[in-house]
Amino acid sequence: MQSSTVFITLWLLLIVFSVLSPVTEAQPPTYRDHVCPNTTTFLINSTYQANRDTLLTSLSSNGSRGNGFYNTTSGRNPDTVYGLFLCRGDLSTSVCQACVTFASTDISRRCPVEIAAVVWYDECLLRYSDENIFSAVAEEPATILFNIKNATGTEIPFDQLVAATVVMNMNDITTQTENKPAGSKKFATRETKLSSFQTLYTLAQCTPDLSGSGCSRCLQGARENLPNGWQGGRVLSPSCNIRYETYPFYNLAAVSPQPPPAPEEEKQNKSNRIPVLVASLSAIFGLAVVFISAFFIWRRRNSRDEENSQEVQLLGLVNEHSRETFNGENGERSQEFPSIRLDVLHAATNHFFDENKLGQGGFGPVYKVII
C-alpha cells in the first residue's frame with residue numbers, strides 16, 4: 001500500500017514538472033513550398049557545391065540582422081553563387097534567425113544538386129542562384145495558395161473588396177519606400193472592417209534591394225494572380241509576396257504605429273522644459289559672474305602688489321641715498337631729512353615729465369617715479 005502511494009506521488013510530480021517546465025526546443029518554421037528546377041545541376045563535391053554550402057552558412061550566420069534581409073555571394077566566376085533571405089517584416093530577430101537557420105539546411109535537403117533554388121515558409125524565404133539576383137525583380141517562379149473556405153457574409157463582393165484593399169496596401173508600401181535608401185524595409189499591412197464581426201487582414205512585402213518602382217511592379221503582378229472568392233489567399237514570388245486572411249496572421253502589436261503624444265502631455269513636456277532652461281541659463285550666468293569677479297579681484301591684487309613693490313624699491317632708494325651728504329652736510333642730518341640726488345630724481349621722474357605728475361602737495365608738485 002505504501003509503495004503504491006509513493007508511485008502515485010512520483011507520477012503526479014512528473015506530470016506537474018512536465019506542465020510547468022518551459023519548452024526549450026524551438027519550433028521549426030511553417031513550410032509552404034519550394035522550387036528548384038532539375039534542368040540545371042552541379043556535380044557532387046564540385047567547386048559550385050562548396051561555394052553553395054559556404055553561402056548558406058553565411059546566410060545562416062546573418063539571420064539576426066535588424067531589417068530581416070541579407071544578400072551575399074560566394075566564390076568566383078564561373079562558380080559564383082548569389083543568395084539572400086527575407087523574413088516577414090513583423091517578426092523579431094530571434095524568429096528570423098531560427099527560420100533562416102532552418103531554411104539554410106532544409107534547402108540543401110530538398111535541392112541537393114540544383115544550381116538555383118528558392119524555399120518559402122510563413123516566416124521567411126531563402127534563395128540562391130548562379131545568376132546575379134540582387135536588385136532584380138523576379139516574379140517567377142511563383143506559388144499561389146488560398147484558404148479553402150468560401151467568402152460569405154459580406155455586403156460588398158469579397159473579391160472586389162480584397163482587390164481594393166491590396167491596391168491601397170500597394171500604394172502604402174510604394175509611398176513608404178520610394179524615398180527610402182536602398183536596403184530599407186519594404187513592408188506594409190492593412191486591416192479593413194468588412195462587417196461588425198469580420199475584419200480583412202492584408203500584407204504586402206518586397207525584398208529591400210528593390211527600387212520603389214520595382215517593388216510596385218512585383219506587387220502588381222502578384223495581385224493579378226491573387227485567388228478571388230476565398231476567405232484567404234497569397235502569392236509567393238522570389239522578390240515579393242502578398243497575402244490576405246479574415247484572421248490576424250501577423251503580429252498586430254509589431255505593425256501598429258505608435259500613437260502621437262496627447263496634447264496635455266505635450267503641453268506638460270513643453271512647460272517642464274521652461275524651468276529647466278531657466279535653471280540652466282541661471283547657472284551659466286552665475287558661473288560667468290563668479291569668473292569675471294575673480295578675474296577683477298586678481299587684477300586688483302596684482303596692481304596692488306606692483307604698487308607696493310614700487311614703493312618698497314623707492315623707499316630703498318631713498319634710504320640708500322639718504323646716507324650720503326647733501327651740499328657737504330653730515331649723515332645725521334641726511335637721516336633726519338632724507339634726500340635724493342638730483343640726477344636720480346631726473347631719472348625716476350623722466351626729467352619731471354608732466355605725464356608723471358600726480359598732483360600738487362603742500363610742498364610742491366608730486367611726481368610718479370619709474371623704478
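Here the Cβ of each residue, glycine as well, is placed from N, Cα and C on the backbone.
Marked as domain 'Gnk2-homologous' by TrEMBL: 30-133, 143-249. If you look up TrEMBL, you'll see 1-26 marked as signal peptide. The transmembrane segment annotation in TrEMBL covers 276-298.
Note on the domain 'Gnk2-homologous' (30-133): mean pLDDT across this stretch is 96. DSSP labels the residues of the domain 'Gnk2-homologous' (143-249) in these numbers: 33 helix, 33 strand, 41 coil.
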